[in-house]
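Colleague: The structure follows.
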Amino acid sequence: MAGGGVAALGVSTDRAAQYKGRMTLAVAMTCLVAAVGGAIFGYDIGISGGVTSMDPFLKKFFPAVFHKKNSGGRNNYCKYDNQGLSAFTSSLYLAGLVASLAASPVTRNYGRKASIVCGGVSFLAGAALNVAAVNLAMLILGRIMLGVGIGFGNQAVPLYLSEMAPAHLRGGLNMMFQLATTLGIFTANLINYGTQNIKPWGWRLSLGLAAAPALLMTAGGLLLPETPNSLIERGRVDEGRRVLERIRGTADVDAEFTDMVEASALANTVEHPFRNILERRNRPQLVMAVCMPAFQILTGINSILFYAPVLFQSMGFGGNASLYSSVLTGAVLFSSTLISIGTVDRLGRRKLLISGGIQMIVCQVIVAVILGVKFGAEKQLSRSYSIVVVVVICLFVLAFGWSWGPLGWTVPSEIFPLETRSAGQSITVAVNLLFTFAIAQAFLSLLCAFKFGIFLFFASWITVMTAFVYVFLPETKGVPIEEMVLLWRKHWFWKKVMPELPLEDGWGAAEGHAATDNNGHK
């Protein structure tokens, strides 16, 4: 590959100040419809925890857990420790991991819309299998189909949102995916709360209603315009410009269009994006694509969301009270995402991630102390301490909702050059689902083994990730997605990792504009 400005960077100079455009109805509608993909992800996270706490569901598919749950004298932390029950939750994420990697060539060669439609259709099939399940094999197969849908949807939707949004609004609009995810979780908790009393088939209604967001996602994928980046990358340059003018609300798109064309010129020279992403000049993005989604799951949030009813029942809450508490945490998560949407493009990504991390650490430690002192293997929490635990968990969820929840998806989706964008997003989704699978499969066993120490386990990881952001993540606020590649050479650490570039390629002039990086380092 040639070593010029286009070949090495994707764009040859910094044109961010020349970008034109505003928030248009086209952008608002496409982002709103595409973000329904997040609702699918969220609905499943929320629905599985509630269903696995319902006695009719357990009695039919997991009788051993049903008898353990309803027998006296059992260790409170170990009532739900069953690998089959864990597999029901986690099988979806293992399937999603594989599907996200398969989705990369589809997204790159056939467009973002194609992957969105594939995801919606797969999810519809999975919902149908689950609602009609008569044995465990049928139930798990349905979960696998749901996983395929999530793999395609999570790979394509954040990418779609990043490419459609204007640079100065990208953070907030990209978070539509996370907002829809939290809305899906909240909706699932409400549905579980209502269907728990519909015996013996309430669980079927909970699982079957997953078809509703899947149908919206499929229809939206068929009706949405393709992103201009994808059209240009696939040789439909004139159509790409027309779409760009429409979604920006102006014909003056020369600067942004030129950046897209230059980035596409590089992208089309790359035959193997997964191999290309391993090159030294892509090292910062690769590190973020692995660390950000891994850290997002290691906050422990999915354990709380998957198993909220199970967790609260283990702490001594009754069946109705545990589901009510999970509804409350879902509502908090949804509300806190609105905070992030309103502040991310003003305060920036780093401030939200760091402050959210600190609040989550404090909350995890408080819960661990309360459970360690006041809650034993066979004791129940008093009413007052139960209320404190729920409040502190809500504060934890609040912090996650305006920090690592949305930004764990937003940052990786906006940092890759076009040449490796689909591969980078696949890696992000695959890592997220790998860690989601591992935590989902291991959490009930970890809860049984660590007891209250499980919260200290997650608190230690949040400490590590907060320090990571402070040291290694530059501020991406307001940086155009096609010029994001220039950002790493201004960062005090990553500029030492990146290879040198010839001055005549335009980088010298661009570098001269930035005596300091986004973290204030010389």
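Cβ coordinates come from backbone N, Cα and C, glycine included.
Any TrEMBL annotation is an automated prediction that lacks curation.
Below are the features I grabbed from TrEMBL:
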DOMAIN    30-477  domain 'Major facilitator superfamily (MFS) profile'
TRANSMEM  25-43  transmembrane segment
TRANSMEM  84-102  transmembrane segment
TRANSMEM  114-134  transmembrane segment
TRANSMEM  173-191  transmembrane segment
TRANSMEM  203-224  transmembrane segment
TRANSMEM  286-309  transmembrane segment
TRANSMEM  321-341  transmembrane segment
TRANSMEM  353-373  transmembrane segment
TRANSMEM  385-405  transmembrane segment
TRANSMEM  426-446  transmembrane segment
TRANSMEM  452-473  transmembrane segment
Colleague: Between the stretches 114-134, 173-191, 353-373, 385-405, 426-446, which one has more Cβ pairs under 8 Å with the transmembrane segment (25-43) than any other?
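Modeller: If we count Cβ pairs closer than 8 Å to the transmembrane segment (25-43), 173-191 scores highest.
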Colleague: Residues of the same chain, at least six outside the transmembrane segment (426-446), with any C-beta under 8 angstroms of its C-beta?
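Modeller: Distant Cβ neighbours of the transmembrane segment (426-446) are 80-83, 85-87, 89-90, 93-94, 96-97, 100-101, 103-104, 107, 147, 150-151, 154-155, 277, 286, 289-290, 292-294, 296-298, 300, 302-303, 306-307, 310, 408-409, 412-413, 454, 457.
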Colleague: In terms of Cβ proximity under 8 Å, which residues at least six beyond the ends of the transmembrane segment (452-473) contact it?
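Modeller: Long-range Cβ neighbours of the transmembrane segment (452-473): 287-288, 291, 295, 298-300, 303, 349-350, 353-354, 357-358, 360-361, 364-365, 367-368, 371-372, 375, 404, 411, 443, 446, 493-494.
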Colleague: To what whole number does the mean pLDDT across the domain 'Major facilitator superfamily (MFS) profile' (30-477) round?
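Modeller: Mean pLDDT for the domain 'Major facilitator superfamily (MFS) profile' (30-477): 84.
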Colleague: What residues elsewhere in the chain lie close to the transmembrane segment (203-224), defined as a C-beta under 8 angstroms and at least 6 residues from its ends?
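Modeller: Residues packing against the transmembrane segment (203-224) from afar: 30, 33-34, 36-37, 39-40, 43-44, 47, 50-51, 54, 56-57, 113-114, 116-117, 119-121, 123-124, 126-128, 130-131, 133, 142, 146, 149, 153, 160, 184, 188, 191-192, 195.
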Colleague: Report, as numbers and ranges, which residues of the same chain sit near the transmembrane segment (84-102): CB under 8 Å and 6 or more residues beyond its ends.
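Modeller: Non-local partners: 44, 48-49, 52, 58, 61-62, 64-65, 122, 136, 139-140, 143-152, 154-155, 306, 426, 429-430, 433-434, 436-438, 440-445.
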Colleague: Is the transmembrane segment (353-373) packed against any residues at least 6 beyond its ends, judged by a Cβ distance under 8 Å, and which are they?
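Modeller: Beyond its ends, the transmembrane segment (353-373) has Cβ neighbours at 299-300, 315, 381, 385, 388-389, 392-393, 395-396, 398-400, 402-404, 407, 451-456, 458-459, 462-463, 465-466, 469-470, 473.
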Colleague: Would you kindly list the residues that approach the transmembrane segment (114-134) from elsewhere in its chain, counting only those six or more residues past its ends and only Cβ-Cβ distances under 8 Å?
Modeller: 34, 37, 40, 61, 99, 103, 106-107, 141-157, 160, 204-205, 207-211, 213-222, 224
Colleague: Who are the long-range neighbours of the transmembrane segment (321-341) in its own chain, taking Cβ under 8 Å and residues 6 or more past its ends?
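Modeller: Contacts of the transmembrane segment (321-341) (Cβ under 8 Å, skipping residues fewer than 6 from its ends): 46, 49-50, 53, 172, 175-176, 178-179, 182-183, 185-190, 192-193, 196, 304-305, 308-313, 352, 390, 393-394, 397-403, 405-407.
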Colleague: Same-chain Cβ contacts of the transmembrane segment (173-191) under 8 Å, 6 or more residues past its ends?
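Modeller: For the transmembrane segment (173-191), the nonlocal Cβ contacts are 27, 31-32, 34-47, 50, 157-158, 161-162, 164-165, 205-206, 209, 213, 305, 308, 323, 326-327, 329-331, 333-334, 336-338, 340-341, 344, 401, 405-406, 409-410, 413-414.
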